[in-house]
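Chemist: The annotation transmembrane segment is assigned in TrEMBL to 21-43, 98-121, 127-152, 159-179, 318-340, 352-371, 378-396, 442-462, 468-485.
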Amino acid sequence: MSEGAGRVVAQETKTSLADRIGMIVGGQFVTTFIGLAQGILMVRLIPKASYGALAFVMMLYTTARDLALFYIPESLLYFAPQLSTAQLKGLVRQSMGILFGFGALVALLLATLSLSPGLFLGGRDDLTILLLLVGVTAMIGLPGSVFGNLFIATNHHRASAGISLVVTLLGTVTTLVPAALGWNVAWILVGQNATTTLRLLLSYRVYRQVFPGVETAPFPGGIRAQMTYVTPLAVGRFAGLFNQKLDKFVVGLFFSASAFAEFAIGSQELPLVSILPYTVASSMLPQLVEHFQRGESREAGAREAIGLWHAGVRKTTLVMLPVAVFLLLGAEALMVVLYGEAYRGAALPFRIYGALLPLRVTAFGIMMMAFGETKMILRTQVMGMVFNVVAALILLPTVGMMGAPLAAVLTQVAMIVYYCVRIERVGRVGLAGIFPWSHYGRTAAAAVVAGVPVAAAMIALGPRLHPAVLLGVGAPVYAGLYLLAARVARVIAPEDQAFVARWLRLEPLRKKQG
């Protein structure tokens, strides 16, 4: 690591890796919780068909946006430890320029789709204005997307979390007020553009504080070096998004807006999935790269990185497995409580996707990024895309609309297995060393044991109790049983308890960074 990187990236502070991850996860948890509550209220305030139209347009936008990001923001986490302060600033500016161009292309694509709105959701002319508005969002939001990872790399987590909180709170107002007043859903997207602009301006202000008086130096290798790193990842992301969105495209093309609304509610990714395991894994990427590169050999470095990765997996497993069990048990009650009786049918796709949660305790591809094997990620995603199409063609004629999500789940399972095989080949750790099997198994056993009496009670009392009562009583009972079983299984370490206690006292937020 260069001397400049030591000043900006490392900034040797008293803030531990666990606390830094805690700040990121905590900030995202608060903002995502607010966003989830906002979405629930919006669904209840606007007609089902209108929500279906808005959800479909947002699905098209997020798909195009994620493709256009081209892994440019993530590349900052990889290159930052290797750069001087001036070079890092040059990389940020270069990245913003690239993403502005990609944002313009997304806006053009969405504008083209707006010319033929009748192709989707059984024919709805009101999609035109919605598609044009999200095109504006892309042009504003894509350049600013680099700031989040820049703030992670330079240890400005508090500022990043604060910006997210302010923008999310304002976004709640700009979303719920039009919905409550019965305005057209297009006004919700107008508000989205306003909050996206605010995020860009606030982030740019912090960006100037990150590089006070620093001259800009060209990024070594220029655009070519950056694109060489991100292109295999970006092509892999295309295949990954294809695997994730195929089911939604099928429903949007062949079913009504109301049907899409119900499917969108049931198939949406749980916030916990992106907040906890993927945020933890992505936040650890600079440390994983450092561990891998400092090894005496490729295998030795890989083993060091795998050991650190396992530490993160063990933490997320403690939360993800019990949450998965309880959500599978209470899926129908949860849909009714959150979205109303009209969305009871959303429980089926919700359970199908929920069955994948026990495997999504980490971002498996993050290890390939740490190893520098981005081309392998591409191959895996392409193979997954082919597998998904074949599985969908087999399942759709036999089980109907639910065949698409079933195919997506099976595809994810196959890809995770392949990632584990590749991790073992790099580190030569054997089957036992690929994953923290013992800890995972004991945690899973604790989650299942705690779920048995809760499942029996839900089956016996479910028809007689309101869904809110069922969940309100079942959740704390299950949590208590799980904590008891986890202590018996010895999966909750003393440092885990100490870490939680410190955060309950808000100690990491009160400490000053050196």
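Any Cβ shown, glycine's included, is placed from N, Cα and C.
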Chemist: Grab the same-chain neighbours of the transmembrane segment (352-371) for me: Cβ-Cβ under 8 Å, and only residues 6 or more beyond its ends, written as numbers and ranges.
Modeler: 74, 78, 233, 236, 266-267, 269-270, 273, 277-278, 280-282, 284-285, 288-289, 291-292, 302, 305-306, 309, 312-313, 316-317, 320-321, 323-324, 327-328, 331, 377, 380, 402, 405-406, 408-409, 412-413, 415-416, 419-420, 422-423, 426, 440, 444
Chemist: Which range wins on Cβ pairs under 8 Å with the transmembrane segment (318-340): 127-152, 378-396, 442-462, 468-485?
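Modeler: That would be 442-462.
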Chemist: Who are the chain neighbours of the transmembrane segment (442-462) in space, where the CB to CB distance is under 8 Å and they lie at least 6 residues beyond its ends?
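Modeler: Sequence-remote neighbours of the transmembrane segment (442-462) are 317-318, 321-322, 324-326, 329-330, 333, 358, 470, 474, 477-478, 481-482, 484-486, 488-491.
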